[in-house]
Each structure stands twice: as structure tokens, then as C-alpha cells.
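Student: Following this message is one structure expressed as C-alpha cells.
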């Protein structure tokens with residue numbers, strides 16, 4: 001009994017230290033964003049939250065089109081997420097629950113595409129989009145990522161276990177075609193899986209850097225991450241303002257995550273266990 | 001694995017038995033299913049397969065993206081092999097990978113073990129440990145860049161306050177690598193800990209009970225039961241960290257991209273992908289960029305195979321049984337040894 005107690009206490013000590021390390025950079029971001037740049041350069045450094053946060057945030061807004069970039073990023077992230085959820089779940093439903101000639105071959109090809117690292121074909125991807133005239137437009141951010149192998153593979157695993165065959169047979173007896181079966185039987189059952197895939201996709205697109213850096217060449221139409229780096233590059237000496245920008249860029253996602261992240265974390269772990 | 005399962009399922013066999021006359025009808029009937037899976041394959045053909053083949057073709061050419069493509073055969077590759085900057089980008093990437101991955105996985109194991117033992121505040125811990133992973137690399141790199149800053153960084157302020165000399169972290173090749181590795185480890189330790197935790201929770205408590213009966217200490221239990229049984233999960237984290245580690249780019253780009261030299265002072269932070277980016281999109285050498293892409297691909301395949309060989313390889317169930325047997329034997333032997341020592 002006593003050893004259990006000791007073990008519990010030591011665990012919490014270790015975990016609290018880890019939490020401090022995990023969360024300290026956010027605190028430090030806030031400290032820098034709420035002090036003035038001369039304060040940041042001073043020695044000894046200020047370790048407490050200051051009173052210049054609003055002023056620094058106003059400076060961000062007057063130097064870059066922050067909300068424009070945020071809106072663009074939001075549209076791209078939502079666009080990709082909605083398309084991925086639809087295309088991936090539809091394909092996964094077909095792969096998981098129906099027999100059709102070539103199914104295993106197609107699924108095998110899908111698995112092979114997994115292995116290709118995204119940077120391998122970076123140059124020709126850029127050239128292809130340039131041929132289409134999509135460079136600088138939202139299409140370049142949304143269309144290439146509108147369906148992906150990971151999502152289909154993951155949703156198929158989920159659909160196999162979650163959708164009972166009887167429900168599909170019943171829908172067939174009622175005269176429902178494939179797409180109606182997907183809408184009335186597939187989608188409702190797949191909802192928890194869709195929630196995970198949606199959050200996962202949204203976070204990835206929101207935080208992506210290399211791809212938007214390459215394809216969003218119009219300085220007035222940048223994603224949040226690229227705009228933030230622009231702010232850093234051009235006004236790099238005004239540290240407190242750059243940090244205010246960084247703080248403003250991370251808050252929305254973290255806010256959403258604290259509210260809805262618990263299931264997401266459990267699903268990430270469960271996915272790794274199937275590997 | 002999934003594919004071979006499906007091949008063996010009775011329904012698939014039935015299709016094969018029905019003979020050729022039924023076939024066209026089958027295809028026709030399956031039309032909706034083909035429509036359902038088509039979007040992925042169409043998008044992949046345009047934005048995945050075509051670029052991959054095009055990049056082979058491209059890597060045999062010299063091209064600035066605007067003018068005529070000039071056939072150069074294997075010249076890009078032979079230049080690549082003798083290009084000291086390319087080799088530097090590989091060693092940099094590997095050093096950053098080791099500096100980040102080794103402490104990261106060990107810390108993650110420690111945290112996961114503590115999470116497993118702790119019964120309270122679990123949801124709070126999970127969220128707190130996962131938040132770094134969903135935070136953008138760009139913002140995080142800016143914060144760490146200031147912490148490691150040569151003149152006013154928190155780290156140097158700390159060193160000064162305890163009477164040590166400042167270290168010019170972001171001006172020296174090693175300082176740069178440590179800074180980048182710290183950012184990577186900070187973002188991924190919690191993620192890996194959560195994965196390890198799921199692995200720990202899947203281990204049956206019977207094995208631990210049996211070990212306890214045999215008198216195994218908690219340290220023995222950890223190294224002889226927990227770690228071996230976590231092998232499949234460790235393999236997963238090792239493979240994903242390797243693939244991610246070889247593709248490091250954003251950190252050095254955010255730290256040094258604005259300074260005009262993407263690798264930073266002495267190219268200390270030049271990674272493979274940043275060298276690819278710099279050649280293709282900085283100096284418009286598309287052919288050379290494509291060749292670097294293929295080198296990266298080969299490296300990823302190579303390291304994934306090495307990981308697989310080192311950590312994985314055989315099927316879970318057998319490992320579980322073998323490990324459990326080995327653990328019990330070893331614990332019993334140690335106990336016997338101890339009793340022998342105690343007796344004498």
C-alpha cells in the first residue's frame with residue numbers, strides 16, 4: 001500500500017516537471033509579447049507578464065494583414081477538411097463494405113502511395129500547378145490535398161468494425177442505392193471517426209508551412225504561418241511585436257483543442273496501436 | 001496485411017469462381033463503388049504519380065523553370081555525390097535527428113510510465129503534453145529562437161547569472177543543431193509519451209502479477225517486461241520519428257531564412273529539405289532539386305528498413321510469449337542468484 005502511494009507521488013512530481021517544460025514556451029511567448037522590445041533586450045531579463053500586450057498586438061495588425069491571412073488559412077483548412085471527410089469516408093465505405101472487381105488491387109496501390117514522402121516530388125508538383133495557373137490561388141492549397149491515403153486507410157479500418165452488415169442489407173431491401181446507403185447507414189455510424197480525421201486534417205493544414213511557402217507567392221495572399229514568418233523576417237528587430245503575432249496565431253487552435261482534444265488524443269493513440 | 005486478409009475472404013473467392021461470363025456485369029454493378037474511390041486515384045494521378053515520374057525525368061535535365069530543358073543524363077546525380085554541401089546537409093540532418101530523437105524517446109518512455117502509474121489528473125496531463133504538438137512550428141521556433149538568442153536569450157542570461165560565459169548558440173554549428181533538436185524534441189515528446197501510454201495500457205496486468213510473485217523489483221519489471229513488450233509501439237515511434245526527422249525544414253528556415261543563408265552561419269542548420277528548397281526555389285535549379293528529392297527518398301527507405309530490422313521484424317504474439325518466458329526465466333534466475341548470495 002505504501003509503495004503504491006510513493007509511486008503515485010513520484011509520478012506526479014515527474015509529470016508536473018514535464019508539464020512545466022511543455023507549457024513554459026507559451027508563458028515566455030506571453031512575457032515577450034506583453035513587454036517592450038527594450039525590456040526584452042535588457043539584462044536581467046523581465047520574467048513577468050508586462051502591460052504592453054494590446055499595443056504590440058495593434059502593431060501586428062498595422063504591419064501585416066493578420067486577419068486576412070487568418071481568414072485565408074481558415075478557408076483553406078476548412079475546405080481541405082470538408083473535402084477530405086467526404087472523399088475519404090466515401091472511398092473507405094466502399095473499400096470496407098463492398099466487393100468489387102479490382103478492390104484489393106486498388107487498395108494495395110493506395111497503401112503503396114503511403115510510402116512516398118511528400119517532398120520527393122515537390123519541384124514537379126510546383127511545375128504542374130504553375131501549368132494549371134493555380135500558383136497563388138486557394139486552389140493550390142485545397143485541391144491537391146482533397147483526398148488522402150492516410151484518411152481512407154484509417155476510415156476503412158474504422159468502418160469495418162463500426163458498420164454492421166445487417167444495416168446495409170436492410171437498406172438494400174428498402175431499395176436504397178449505394179450512395180443512399182452511404183448517407184443513411186455509413187455517415188451516421190462513422191461520425192466519431194470523422195471527428196478525429198477532421199481535427200487531424202484541420203490542424204495539419206492550419207500549421208503547414210513548406211507547401212504554402214512555395215505556392216502562395218502573392219504577398220497579399222499568405223497563410224498565417226507564412227505571414228508570421230514574413231513579420232519575423234521584415235520586422236525581426238521588433239521582438240515584442242513578432243511575439244505578439246506568434247501568440248495571436250497559436251491561440252485559436254489551442255483554444256479549440258483544450259475544449260475538444262480529449263477524444264482526439266485517445267484516437268491518435270489507438271491509431272498507433274493498430275500499426 | 002489488410003490486402004491478403006481480404007483476398008482470403010469467402011466473398012472474394014466466390015467472384016473468382018463465377019467465370020468470365022459474369023464479369024462485365026460485375027463491373028457494371030460496381031460502378032458506384034468505382035465512383036466512390038475515384039477522387040483519391042484521380043487526385044493522386046495528377047498531384048502524386050505524375051509529379052513523381054516527372055521528377056525522374058526532371059532529374060536528368062538542367063532547367064531553370066522558364067527556358068529550355070537541357071538533357072544532362074546522370075550529371076545531376078554525379079554532381080550530387082561530390083557536392084560537399086549536399087553531404088553536409090545529410091550529416092546535419094542526421095545529427096539533429098539523433099540529438100532530438102534519443103532524448104525524446106527516453107523522456108517519452110519516462111513520462112508514459114509516470115502517466116501509467118498516476119491515477120489522478122490524467123486528462124489534464126494528456127492535454128498539457130499534447131499541446132506542443134498541435135502548435136505551429138513557425139511560432140514555436142520564434143520563441144525558442146529568442147530563448148537561444150546570442151545577446152539577450154534567456155539561456156545566456158541564465159548562464160551569465162550563474163557566472164558562466166555566454167554561448168553563441170545561433171552562430172556555431174553545434175549550437176544551431178542543439179537549438180533545432182530542442183525544438184523538435186519539445187514538440188514531439190508528449191506525442192510519443194501518449195502513444196507509449198496506449199502501449200503500456202495494452203499490456204496485460206497478469207504478466208506483472210506473475211513477475212511480482214516471482215519477486216521482481218519494479219526496475220526489473222520495467223526493463224524486462226515493459227520495454228520488450230512495447231517493441232511494436234517503439235517501432236512505430238522510431239519509424240515516424242525517422243521519417244519526420246529526415247524531413248526537417250521549417251525550424252532552420254524560420255531561424256535563418258530571412259538572413260539570406262538558409263542554413264545559418266557555417267551552414268550549421270542546413271538540412272536535406274532546406275538544401276532542396278534552396279536549390280529549387282532559391283536559385284531555380286529545378287533539375288538538381290529533383291535529384292536531391294530522390295536522394296531523400298532513398299535515405300528514408302534505407303532508414304525505415306534499418307529501423308524495422310533493429311526493432312521489429314516478427315509478429316507481436318510470438319514476441320509477447322517469448323519475452324514473457326524470457327523475463328520469467330531471468331527474474332527467477334536472478335532471484336535464485338540473490339538467494340544463493342544471501343545464503344552465503
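Glycine residues also receive a Cβ, built from the backbone N, Cα and C atoms like all the rest.
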Student: Could you tell me which of the ranges B:127-148, B:149-170 is annotated in TrEMBL as transmembrane segment?
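Tutor: Among B:127-148, B:149-170, the range TrEMBL annotates as transmembrane segment is B:127-148.
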Student: Pick from B:34-60, B:61-87: which range does TrEMBL record as transmembrane segment?
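Tutor: Checking TrEMBL against the ranges B:34-60, B:61-87, the transmembrane segment one is B:34-60.
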Student: Checking feature assignment: transmembrane segment per TrEMBL, candidates B:6-27, B:94-115. Which range matches?
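Tutor: Per TrEMBL, the stretch marked transmembrane segment is B:94-115.
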Student: Pick from B:187-207, B:208-228, B:229-249: which range does TrEMBL record as transmembrane segment?
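Tutor: In TrEMBL, the transmembrane segment feature sits at B:229-249.
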Student: Are the transmembrane segment (B:229-249) and the transmembrane segment (B:34-60) close enough to be called in contact, which here means at least 3 C-beta pairs under 8 A that are separated by 6 or more residues?
Tutor: no
Student: Is the transmembrane segment (B:286-308) packed against any residues at least 6 beyond its ends, judged by a Cβ distance under 8 Å, and which are they?
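Tutor: Same-chain contacts beyond the flanks: 55-56, 58-65, 69, 72, 76-77, 79-80, 86, 90, 235, 238-239, 242-243, 246-247, 272-273, 275-277, 279-280.
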Student: Do any residues of this chain, six or more beyond the ends of the transmembrane segment (B:34-60), have a C-beta under 8 angstroms from a C-beta of it, and if so which?
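Tutor: For the transmembrane segment (B:34-60), the sequence-distant neighbours (Cβ-Cβ under 8 Å, at least 6 residues beyond its ends) are 69, 71-74, 76-77, 286-287, 290-291, 293-294.
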